[in-house]
Amino acid sequence: MSDPLVDSFGRVHNYVRLSITDRCNLGCQYCRPGNRAAYTSQTDQLNFDEMVAIVNVLAEMGVTKVRITGGEPLLRPRLEELVAKLGALSGIRRIGLTTNGMLLASKARALRRAGLTDVNISLDSLLPERYAKITRGGDLGRVLDAIEACFEAGFETLKLNVVLMQGVNDDEIESFLRLTLDYPLQIRFIEYMPVGNHTEGWKAKYMPLEGILAQCAKREWNARLVEPADSLANQSFCGAADDAGPAKYYRISGAAGEFGLINPVSDHFCMGCNRLRITANGYIKPCLYWNDEWDLKPFIGNDEMLRKVFRQSLEAKPQRHEMIVQPSHKPSQHVMRRQMSQIGG
Ligand code: SAM
């Protein structure tokens, strides 16, 4: 392995989130506020070979896991070809996909065959009308079909991402928890983050996640913390025992599945950050929150220069995000140039 991807705080990076498009077929209110983001032109977008060339160098430097994200990654035709090419790279052990699921049902089997190991589907409501409202036009039926197709295709892990918002979907916590009783999947409740230029209105909808454990107690569901090694997600770690990612997982006694709590706002987990992000137009971002990014496109094909830019970006990686100003717990006034849909979450 050529010199590993270590930043100035000693954090080792073995995970890359690869955004393959900033286009989306939905307009989730918390992700694309105003639904007005300008899209990258097709010509500025990396092609699959360019993505593979970048990930190849990262893999030589210790990256073992790639998550394909967007925008909506399934809008790129022949996604299974990218998965197969990434899977053929020496060192890449896991390939995940984060998707809204709208186009997934008919593709799940081909993606699995191509080597996709892990699927995360974003699903913020189990009520069709509410789902359509949050996503500005999403069809819940299609997402449910996608979940079924994923079970049939046999992915190693299947996670549903739920961004919890007060007054929007917090009355559905129990319905989501009930899914874990019957299905071997992971429901991941995620705190709503004040990112991407839409901090106004965030505070009214933000809620911390402790209430979820209280709801279990109220129902007399015994929810126990699951050790990373025993978790359904243990296969998706990149190798190290402490590599469970930001979620803490719980299992209700007798349940087939688990639920996870991800607290990027109330309990930032930056010191454990092992991620790099590549945008659809070929920039590397060492931190989701800060605007610093480095253009990789001019150096594709020149591995020494790519390594140099990766190192530069890691040297500049800040210790932590500052979404919230303490102690007032107000969103910071920092303006993020990219919306979440332009970064990939
Ligand atoms: N289109 C795909 C999808 O819907 O999963 C992938 C892109 S989306 C940007 C990736 C993840 O970011 C989703 O799980 C979404 O819920 C999450 N996300 C977007 N905006 C967020 C916010 N303000 N707070 C928390 N999570 C957010």
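Each residue, glycine too, has its Cβ placed from N, Cα and C.
Where the annotation comes from TrEMBL, it is an automatic prediction and has not been curated.
According to TrEMBL, the domain 'Radical SAM core' annotation covers 8-236.
For R17, R67, T98, K159, R275, L276, R277, the entry in TrEMBL reads GTP binding site. If you draw a 10 Å sphere around the CB of L276 (GTP binding site), it holds 23 other CB atoms from the protein chains shown.
Feature annotation from TrEMBL assigns [4Fe-4S] cluster 1 binding site to C24, C28, C31. Sequence-distant neighbours of C28 ([4Fe-4S] cluster 1 binding site) (same chain, 6+ residues apart, CB-CB distance under 8 A): N100, S122, D124, I134, T135, R136, S341.
When secondary structure is read from DSSP and collapsed to three states, S122 (S-adenosyl-L-methionine binding site) falls in the strand class. The S-adenosyl-L-methionine binding site annotation in TrEMBL covers Y30, G71, S122, M193.
Note: C287 ([4Fe-4S] cluster 2 binding site) has non-local neighbours C270, C273, K317, P318, H321, i.e. same-chain residues 6+ apart with C-beta under 8 A of its own C-beta. Look at TrEMBL and you will find C270, C273, C287 tagged as [4Fe-4S] cluster 2 binding site.
Every protein chain shown contributes to the tally, and the Cβ of R277 (GTP binding site) ends up with 23 other Cβ atoms within 10 Å. Proximity of the binding-site residues (C31, C273, R275) to ligand 1: a Cβ under 6 Å from the molecule is found for C31. Between R277 (GTP binding site) and Y30 (S-adenosyl-L-methionine binding site), the C-alpha separation comes to 20 Å.
The average pLDDT computed over the domain 'Radical SAM core' (8-236) stands at 94. For the pair formed by G71 (S-adenosyl-L-methionine binding site) and K159 (GTP binding site), distance between Cα atoms is given as 18 Å, rounded to the nearest Å.
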